[in-house]
Amino acid sequence: MKNNVNRFGYVSIVGRPNVGKSTLLNRIIGEKIAITSDKPQTTRNRIQGIHNIANGQIVFIDTPGIHACHSRLNKGMVDAALAALRGVDLLLLVVDAGGAIDDRLVRDVLGGTGTPVMLVLNKVDLLADKRVLLERMAAWSQLYPFREILPISAGSGEGVDGLIETVCGYLPEGQPLFPDDILTDLPERFIVAEMIREKIFRLTRDEIPYSTAVTVESFTERPNGVVAISAAICLERPNQKGIIIGKKGEMLKKIGSQARHDIERLLGTRVFLELFVKIEENWSERTSKLREFGYE
């Protein structure tokens, strides 16, 4: 790549759930803009992160994991991921380096796309025998004409700088679209709601994380500089309310405390966070609610 040529482009990060797509985006951007957990299907929306390079700018798009659809919400998530295959300059297909060789993923997702695709083998730090990595790279290369196959660890950062440098070589010429101090085009209210939802994913189990949506009802800055936020945790069934609140309110307090810590880091100021719980029965199957919560 010629260093004196300005570059700008869109790069979509796609793959199955729980392969480290959001962790990779956060690592590239250098800040937490996409939530993560050890549960699949944590990401529900397309998340854009903006990375500036010496001679240009890259907009990376994190996407929901591609999975079987069991609800309107799931379908909307997969539709968002598949939409991210279009109108971009490059695709990064992220897979678990130690996982199965997923020929169906390649066939269903990449079949017919004319966009250049790089394969990103993530979590290589978890492979005890590096010879396995070479075997996996060879096996994947038989499935699709990937432009590059790049082993990385989004968690530790291993190989990520090299990935960014390689991506730059595939960008078209162009001028930056965003100011160089912008990390994402997402509104703060959206990121705040996501940070609360992340804590629910990390602290609760079974169906609770998947039955939860979060909406920020108010967001105001007080004269003393404290930001006061009121957010609703929306559940699908009345019997879930006691679980999210917990004994003597302990679970709700824990969610709020951990979320407030992240929100204060995001906003750079003290935060007063009020959480309350309400029931929106079967919201994941109701088109009106999916639109209200930003999932359609």
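Using the three backbone atoms N, Cα and C, a Cβ is placed for every residue, glycine included.
Feature annotations, courtesy of Swiss-Prot:
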DOMAIN    7-173  domain 'Era-type G'
REGION    15-22  region 'G1'
BINDING   15-22, 62-66, 122-125  GTP binding site
REGION    41-45  region 'G2'
REGION    62-65  region 'G3'
REGION    122-125  region 'G4'
DOMAIN    204-281  domain 'KH type-2'
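Known features from Swiss-Prot, placed on the structure.
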residue : record           : Cβ contacts under 8 Å, 6 or more apart
G15     : GTP binding site : K21, G65, I66, L93, V94, V95, L105
N18     : GTP binding site : D38, K39, P40, Q41, T42, G65
T63     : GTP binding site : S12, I13, V14, K21, T43, R46, I47, A80, A81, A84
V124    : GTP binding site : A97, K130, L133, P151, I152, S153, E158, G159
Exercise. In the structure shown, which of the binding-site residues K21, I66 has the fewest Cβ neighbours within 10 Å?
Worked result: I66
Problem set entry | Chain residues outside the region 'G1' (15-22) and at least six past its termini with a C-beta under 8 angstroms from it | 34-36, 38-43, 47, 62-67, 93-96, 99, 102, 105, 122-123, 154-155
Exercise. Restricting to the same chain and to residues at least six past its boundaries, which positions have a Cβ under 8 Å from a Cβ of the region 'G4' (122-125)?
Worked result: 19-20, 24, 94-98, 133, 151-156, 158-159
Problem set entry | Secondary structure composition of the domain 'KH type-2' (204-281) [DSSP: H/G/I, E/B, coil] | 32 helix, 27 strand, 19 coil
Exercise. Per DSSP, what is the residue tally for the region 'G2' (41-45) in helix, strand and coil?
Worked result: 0 helix, 0 strand, 5 coil
Exercise. What does DSSP give as the helix, strand and coil breakdown of the region 'G1' (15-22)?
Worked result: 2 helix, 1 strand, 5 coil
Seminar exercise, completed: For the region 'G3' (62-65), the DSSP helix/strand/coil residue counts are 0 helix, 1 strand, 3 coil
Exercise. If H, G and I count as helix, E and B as strand, and all else as coil, what does DSSP give for I66 (GTP binding site)?
Worked result: coil
Problem set entry | Confidence summary for the region 'G1' (15-22), mean pLDDT rounded | 95
